[in-house]
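Structure, as structure tokens:
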Amino acid sequence: MQRRLLLGHPQLAITIGRLCQELIENHQNFDNTVILGLQPRGIFFAERIKERLLEITGTEIELGYLDSTFYRDDFRRRDSPKRANETKIDFLIEGKKVILIDDVFYTGRSIRAAMDAMIAYGRPAKVELLVLVERKYSRHVPIKPDYVGRQVNTLDSHKVLVEWKGQGVDDDNIWLMTNEEE
Amino acid sequence: MQEQLSVKHLLGIKDLTPGDIELIFETADEFKDVINRPIKKVPSLRDVTVANVFFENSTRTKLSFELAEKRLSADIINFSSSNSSVKKGETLLDTVNNILSMKVDMIVMRHASPGAPHFLSKHIKANIVNAGDGTHEHPTQALLDTFSIRQRLGGVAGKKVAIIGDILHSRVALSNIFALQKLGAEVMVCGPITLLPKHIATLGVKVELNVRKALEWCDVANVLRIQLERQQIKYFPSLREYSLYYGINKKLLDSLNKEIVIMHPGPINRGVELSSDVADSDHAIILDQVENGVAIRMAVLYLLASLSKN
């Protein structure tokens, strides 16, 4: 595998700032809004969004972790099962505006499963989807994100890797992983 | 980190690795969260059919498995031998093959003969979960017992667990010994000498005949029922005498100068192995065990089902 930098540290901070401004535009004071970060990788990005919104607006928005392992449509269809992660939602989502946050949006199947998982906790007033990277032309289901950090053209053989500072790496970086022959 | 079980069937704890048990525990943690939500159901096993085949009576294990299957959205069929063609002379293999030809993916089986699920596993393709085979193993009970210890004491490794009562006829005892040892706990068995298997010490467990000494030693006491239905001969003079020598009551616990956790796989014979004031006290985690049983069985069914591709 070779890797190519899609988005590095200073630009990524700008992108996160821009996404937060878009959220503020639509949610104003966030008094009825909550965030759900998707396990396993989306939670780190969700934490970043929450922190930045706190810096900009001074408002602390409730953040929960949502795991969709038991709701996936590829159970008993993939070679090895996915390991379940913790779901941690310490607030009610009934009647709330929910912002689902994930790092990489690819086929859309994870988001479909996540919406099923979310509904088990109540009926939100509105659900939006915010993703850091959208892989174009890869959709398997009719789902479209409301907020996108960066769109990229990828092949199925590619992988997008999002690294966050503090998790064994020195900086926030998004990499496109490709096979050497390409 | 282990992603999947090393076994295709859950026949006994003996076949599991410590990693398998840890994977089951971590999956059960998430299912415990599921069954405490307003909507207690996930769609994972919606394309799986499970047959609960019970050749021996059971209330709580059967209910617990049934609930676990329903919470996972599996289709289920129930079979009990008391009102079936087994009475007409059908063999175990024929009975199960007939059930399987109705397109069943998993079998949860209880049988009075030790090794019955092992025999079956050699002849059929479906995943098998042993829900108790005679006096041999009862793996899901041992998993939920150790899971309950982990929940109450924060871990199992290094803990001292005494299994007290009718060890000779108990599949719960054997499965618990295997599970506790694999997780690094120290195990002691305690009971009247007639109810301890002759060579039990070869399993690496301590043997104690005095219940007070056992309680003084242990952090957790797993108290077993006297299985009168399996006892063909008299192993002790009377239930009253058993209760006097081996029954655990509040007075005995209070005299220990330490807190120990009391467990019981049920059904309790109140006033025989446990007095009511102990069974209903804060020491007892008997009802936690029952709740954990559903989560553990969900985890086992989920992990086994994930191994066979649709």
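Here the Cβ of each residue, glycine as well, is placed from N, Cα and C on the backbone.
Taken verbatim from TrEMBL:
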- B:Arg60, B:Thr61, B:Arg110, B:His138, B:Gln141, B:Gly266, B:Pro267: carbamoyl phosphate binding site (BINDING)
- B:Lys88, B:Arg171, B:Arg225: L-aspartate binding site (BINDING)
- B:8-151: domain 'Aspartate/ornithine carbamoyltransferase carbamoyl-P binding' (DOMAIN)
- B:158-304: domain 'Aspartate/ornithine carbamoyltransferase Asp/Orn-binding' (DOMAIN)
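Straight-line distance linking the Cα atoms of B:Arg110 (carbamoyl phosphate binding site) and B:Arg225 (L-aspartate binding site), rounded to a whole number, equals 18 Å. Proximity to B:Lys88 (L-aspartate binding site), defined by a C-alpha to C-alpha distance within 10 angstroms, is shown by none of the binding-site residues B:Thr61, B:His138, B:Gly266, B:Pro267. Other residues of the chain with a Cβ within 8 Å of the Cβ centroid of B:Arg60, B:Thr61, B:Arg110, B:His138, B:Gln141, B:Gly266, B:Pro267, the carbamoyl phosphate site, are B:Ser58, B:Thr59, B:Ser64, B:Ala131, B:Gly132, B:Val172, B:Pro265. Using Cα positions, the member of the binding-site residues B:Arg60, B:Thr61, B:His138, B:Gln141, B:Gly266 nearest to B:Arg171 (L-aspartate binding site) is identified as B:His138. B:Gly266 (carbamoyl phosphate binding site) sits 7 Å from B:Arg225 (L-aspartate binding site), taking the C-alpha atoms as the reference points. Within 10 Å of its Cβ, the residue among the binding-site residues B:Arg60, B:Arg171 with the fewest other Cβ atoms is B:Arg60. With a cut-off of 8 Å between CB atoms and residues at least 6 apart in sequence, the same chain places B:Thr59, B:Arg60, B:Arg225 near B:Pro267 (carbamoyl phosphate binding site), listed in sequence order. Within 10 Å of the C-beta atom of B:Lys88 (L-aspartate binding site) sit 6 other C-beta atoms, taking all shown protein chains into account. Counting neighbouring Cβ atoms within 10 Å of each of the binding-site residues (B:Thr61, B:Arg110), the lowest count belongs to B:Thr61.
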